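> Please read through the structure below; I'll follow up with questions.
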């Protein structure tokens, strides 16, 4: 039988890739609930506003540590159920536990002696649950990305398509999550959530998270039952490649193969190395011996997320302060104007998610026509233009307030701000898919481990988040407050990232299917 037909027969079908990617909807649904409901709940518990931003740092910090470690262990997991699925299931169950801890934090605090006026124990339980939730989400997401890469192999087209599906389901989760967070009557659907320690707002949060648990468990089931994984074979893997880093350069891969075939006794001694020490050296080696093309991918990813995080953190605050001219620290009407802007910003996020989903359907086609690096570069230039546009729209809103200080912003200004939210959905779709597709393709090309490579890529996401979270406040204060200084800094980072994407990113070779087809055509006899 023709080898190409065997390969095609054994390929994971598109339907299975869609099932695997569907777990992104469950994960992102929870993230959207966090963004829409947890910040008000934090203030309801009595956590000072200055500390609230520090709580959100647990996400990038846990991602910095957890994803590379989970990626390493999932690459070498010998479970008969597969390499990735045990970690996906463990992450999903851990999310359920964390959500229950957060939802019942007020009730548990009440059992430990809290009152309606003072809730120190509820705060402790909430922070614990919040950290566990972010740890669980990072445990879940890395193996999901790696599983998609495993199922697509060296086929770049299918890999881009799989990551586009993942981005699409992230958009679906965002839409459902923001819509759920906007509805305030979920406690009526789940009346048992309202207790003596948990008022309507608390019960609504608890009920919304129950919905999140149901969606996550359903999508996780779809993901882990999509297709059978090929169990990890350490003997086969050892005979092919032996190295401390999963992201090999061609030179190190070749030398490693030679060493593995000529020095068996030394290899046996290395196998006896303690697991914890081996993990440390593999993680260190992954960064120390990282090939130059992978460094370029990390560099562009870091610039992209330095651009994104100021907007993602302060987008609704920008609508409330700069567009509507409100201030939550002042009384009405300033406070009312601020929250009117925040609600309009929530609508902008919903529109952003819709465009994100629609754009995800087009990414694979556009990347095939233009190339992934050019698509990434164009997306970053669009980001830069939109962030500059926030300054222009803010200036128009300020001039309108000078003429009519007690009136809401003109409809044209609000529509322009919502247009910025919407347009940014397209580059966000690229950010959610193209870096992961390039990383998976390059890692497969050099014979690396997809789990650890996804974890290493995540470092380029979380490190900028820590920098922005800690530095955006002082940076804004340096220019007399407001959100625009951080947005304009993000515009500069996006522009440099776009230029770097075009000039530095590796150009993947043609799809292996196409190259094999050309090779067979050239080798066939002329009739």
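Cβ atoms are placed via backbone N, Cα and C, with glycine included.
According to TrEMBL, the protein carries these features:
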type: TRANSMEM; residues: 12-33; note: transmembrane segment
type: TRANSMEM; residues: 45-66; note: transmembrane segment
type: TRANSMEM; residues: 87-106; note: transmembrane segment
type: TRANSMEM; residues: 118-136; note: transmembrane segment
type: TRANSMEM; residues: 164-187; note: transmembrane segment
type: TRANSMEM; residues: 207-227; note: transmembrane segment
type: REGION; residues: 251-275; note: region 'Disordered'
type: COMPBIAS; residues: 263-275; note: compositional bias 'Acidic residues'
type: TRANSMEM; residues: 294-314; note: transmembrane segment
type: TRANSMEM; residues: 346-367; note: transmembrane segment
type: TRANSMEM; residues: 374-393; note: transmembrane segment
type: TRANSMEM; residues: 413-434; note: transmembrane segment
type: TRANSMEM; residues: 446-467; note: transmembrane segment
type: TRANSMEM; residues: 487-505; note: transmembrane segment
> In the same chain, which residue numbers or ranges, 6 or more beyond the ends of the transmembrane segment (294-314), come under 8 angstroms Cβ to Cβ?
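The answer is 247, 376, 380, 383-384, 387, 390, 424, 428, 431, 435, 438-439, 442, 453, 456-457, 459-461, 463-465, 467-469, 472, 483, 486-487, 489-491, 493-494, 496-497, 500-501, 504-506.
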> For the transmembrane segment (12-33), what are the same-chain contacts with Cβ under 8 Å, counting residues 6+ beyond its ends?
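For the transmembrane segment (12-33), the far contacts come to 88, 92, 95, 99, 133, 137, 140-141, 144, 147-148, 151-152, 158, 161-162, 165-174, 176-178, 180-181, 208-209, 211-212, 215-220, 222-223, 225-227.
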> Would you call the transmembrane segment (413-434) and the transmembrane segment (207-227) in contact, using three or more Cβ pairs under 8 Å, pairs 6 or more apart in sequence?
no
> Would you kindly list the residues that approach the transmembrane segment (118-136) from elsewhere in its chain, counting only those six or more residues past its ends and only Cβ-Cβ distances under 8 Å?
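Sequence-distant neighbours of the transmembrane segment (118-136): 30, 34, 38, 41-42, 45-47, 55, 58-59, 62-63, 66, 91-92, 94-95, 97-102, 104-106, 108-110, 112, 197.
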> Please figure out which one of 87-106, 164-187, 207-227, 374-393, 487-505 racks up the most CB pairs under 8 Å against the transmembrane segment (346-367).
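Per the Cβ under 8 Å count, 164-187.
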> How about the transmembrane segment (207-227) and the transmembrane segment (164-187): at least 3 CB pairs under 8 Å, pairs 6 or more apart in sequence, or not?
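Yes; at least 3 Cβ pairs under 8 Å.
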